[in-house]
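Taken straight from TrEMBL:
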BINDING   28, 30, 55, 77, 103, 123  S-adenosyl-L-methionine binding site
DOMAIN    35-211  domain 'Ribosomal RNA adenine methylase transferase N-terminal'
Ligand code: SAM
């Protein structure tokens, strides 16, 4: 199938550059440009934005983001084998694609496009996806440097990100995301959409920052969620015992017989502030 952007089909690109997928780098490539465009469109308008992409690989999602008109794309890729393929994309869109060879976990994202409106879009390597998300949720200042995050995760992780109270998937990640963002599941992507197919279904999740989240110290929120969800089946009087137990719960006006899973984000914030 000829590509819509005039560049060679991704299957040819992968073959020509010998980009056999490496499991250790979480490489599951998307070759369907309709699907990559659907992911890019989920981010919202990008014409005036710098888009930061993690793990462009052979460039399928990168091409979709550029074809949809992103002002600029900065892509961070760890696998040097992908750089020649990405250089071809860069040549096709002069001045709009900057590729940085490096580890996203060691990248200072805030310094990449200071003062510019930024959206982050990525089909993330599964082994580093959650850590990157947490880093983006805990930047030096809030509101953050990004306007949105549109990210592919394993469906299980996606469910944890968007989970609210009284949901089996609700936990520390759901509280953190619910405190600072509005997060929703955009759509699922079946294993066979990837080359090679992963074992499980994936989901695209979209998050936008809440401008003024409830005031709360991050470290305190992490301490209470860690304790509460560390023993999620137990009553709070037991699970938060080491943090003050019933006295702490009384200060936060939370019934000690409740379980972690039933507390709203607002109640977790109250608990953290009562520490
Ligand atoms: N965006 C491409 C696509 O959708 O087809 C590739 C996605 S693949 C799931 C993940 C990509 O992230 C791979 O290209 C891999 O080399 C890259 N990667 C893995 N670990 C990385 C890291 N720590 N920093 C930057 N890129 C990484």
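Including glycine, each Cβ sits where the backbone N, Cα and C put it.
The most densely surrounded of the binding-site residues 77, 103, judged by C-beta neighbours within 10 angstroms, is 77. Taking the Cβ of residue 28 (S-adenosyl-L-methionine binding site) as centre and 10 Å as the limit, one finds 20 other Cβ atoms among all the protein chains shown. When pLDDT values are averaged over the domain 'Ribosomal RNA adenine methylase transferase N-terminal' (35-211), the model yields 97.
Of the binding-site residues 30, 55, 123, 123 has the largest number of other Cβ atoms within 10 Å of its own Cβ.
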